[in-house]
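Taken from TrEMBL, the feature transmembrane segment applies to 6-22, 29-47, 53-75, 87-108, 114-137, 149-166, 172-193, 225-241, 253-273, 285-306, 318-340, 346-369. Residues annotated as domain 'Cation/H+ exchanger transmembrane' in TrEMBL: 13-369.
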C-alpha cells in the first residue's frame, strides 16, 4: 500500500473514529492509543514508513507538556502553598513506600522501581486540565485540581530527572549543569525575542514558542530525560515572562497552543500504541493490571480525601470530585512504560500491566463524575476557552 494512502487512512482513523466513540465515554486519547495497538497486533502494513509519524508524535508530546508548563502560575501555587506542600509531602512518602514495595515484590533495582512508582501515582496534568470544564466541579474545586496536578507534575519531573541521571555522580552533575544552562538560556532567548524579533515580526510568538519547545524537548531527550522536561520548562519560562511579554502567555496564545496540541496529540498516542506487542499482555499482566486498579486507584482517592478533610475540615464525600479528577495517569504512565521497556529491559508483562492500569484509571473521572464523553479529550481548546476560571484569569 502506498504511504500516501496509509496517511489518508491514518488521518481518518485518528480524527473521525475517536469522535464517534466518545459518545460511549471513551476519551479520544484512549481510542487513538488502542488504534495504534490494534495495528501493531494485526501485523498489517498500515503504518506509514519513514520519520514523519515519529516527528508528528514528538510535536504532540512536546505541545502537551508545553501547555502544562504554560499553566504554571506561581501566584496560584502561593495561594494554596500550605495545602499544596502537604499534598506533595504526603505523596512523596507514598512514592517512596511504593518504590520499596515494588523493589521487594519484583526484585528490581531502585531506579526502575522509582519509575514504576511514578507511573502509578503521577496524575496526567494535560488530560486532567482539559477535562475540568466537563466534570461538573465548582470553580474552587477546579483551582485545587489544577494546583495539585501541576505541583505533583513538577515533583514527578524532578524525580524522573534524578532517577534517569543517577547512574553515576558524574552523569548526574553533568546533566544537572546542562539543565541549569538551559534554564538560564531560556529567559535570555525570551528577552532577545521580546527586544529584537517581536517588534519587527508581529504575531510571531506562537511559532517562536512552539519551535523553542520542540528544540528544548530534543535537547532533554538527548540528555536522557525524554522530551517532556524541555517542553515543560519552556512553558513555565514563558509563563514567568507574562509581564515583560504578555503575548507569550496570553489567553489567545495558550488557546492556539492547546489547539495545536489537540491536533498532534492523537499521533503521539497512536504511535505509542504501535510499540505494544501481544506478548505484553499475558495473563499475569491482566491480573497485575487489574490488581493495580483495585488497589492504587482507591488508595490515591483516599489519600486526597483524608488530606482534604484534615486541611479543610470538610466531610470525606465533599472532596470526592477533586480526588476522582486527579486519578488519570495517562501520559506519564505511557512515557514511563516506554522508558522502562527501552532503557531498563522491563519484563513485557510489567509494561502491559502499567498500560492496563493507566487505561483503566483514565476512564474513572468521566464515568464517576458523569462528564460528557464527547468533550473528555486530550486537549479541548474550545472547552478550555469557555471555562476560564479565576485561576487562569489571574495571569
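Note: Cβ is positioned from N, Cα and C throughout, glycine not excepted.
In this chain, the transmembrane segment (53-75) touches the transmembrane segment (253-273); three or more CB pairs sit within less than 8 A of each other, excluding pairs fewer than 6 residues apart. Here the transmembrane segment (149-166) has long-range neighbours at 68, 71-72, 77, 84, 87-88, 91-92, 95, 111, 114-115, 118, 122-123, 125, 128-129, 172, 175-176, 179, 223-226, 228-229, 232, 326, 332, 336, 339, 343, meaning same-chain residues at least 6 beyond its ends whose C-beta is under 8 angstroms from one of its own.
Highest Cβ pair count under 8 Å relative to the transmembrane segment (29-47), across stretches 87-108, 172-193, 225-241, 285-306, 318-340: 318-340. Contacts between the transmembrane segment (172-193) and the transmembrane segment (114-137): absent, as fewer than 3 C-beta pairs lie under 8 angstroms at sequence separation of six or more.
Long-range contacts of the transmembrane segment (285-306) within its own chain (CB-CB distance under 8 A, at least 6 residues past either end) are made by residues 87, 90-91, 94, 120-121, 148, 316, 319-320, 322-324, 326-327, 348-357, 360-361, 364. For the transmembrane segment (53-75), the residues of the chain that approach it from at least six positions outside its boundaries are 10, 47, 125-126, 129, 146, 150, 153-154, 209-210, 213-214, 217-218, 227-240, 249, 254, 257-258, 260-261, 264-272, 331, 335, 378-379, 391-392, 394-395, judged by C-beta separation under 8 angstroms. Sequence-distant contacts of the transmembrane segment (318-340) (same chain, at least 6 residues past either end, Cβ-Cβ under 8 Å): 29-30, 33, 61, 64, 112, 115-116, 118-128, 131-132, 135-138, 141, 144-145, 148-149, 153, 156, 160, 164, 226, 228, 269, 272, 275, 297, 300-305, 308-309, 312, 346, 350-351, 354-355, 357-359, 361-362, 364-365, 368-369.
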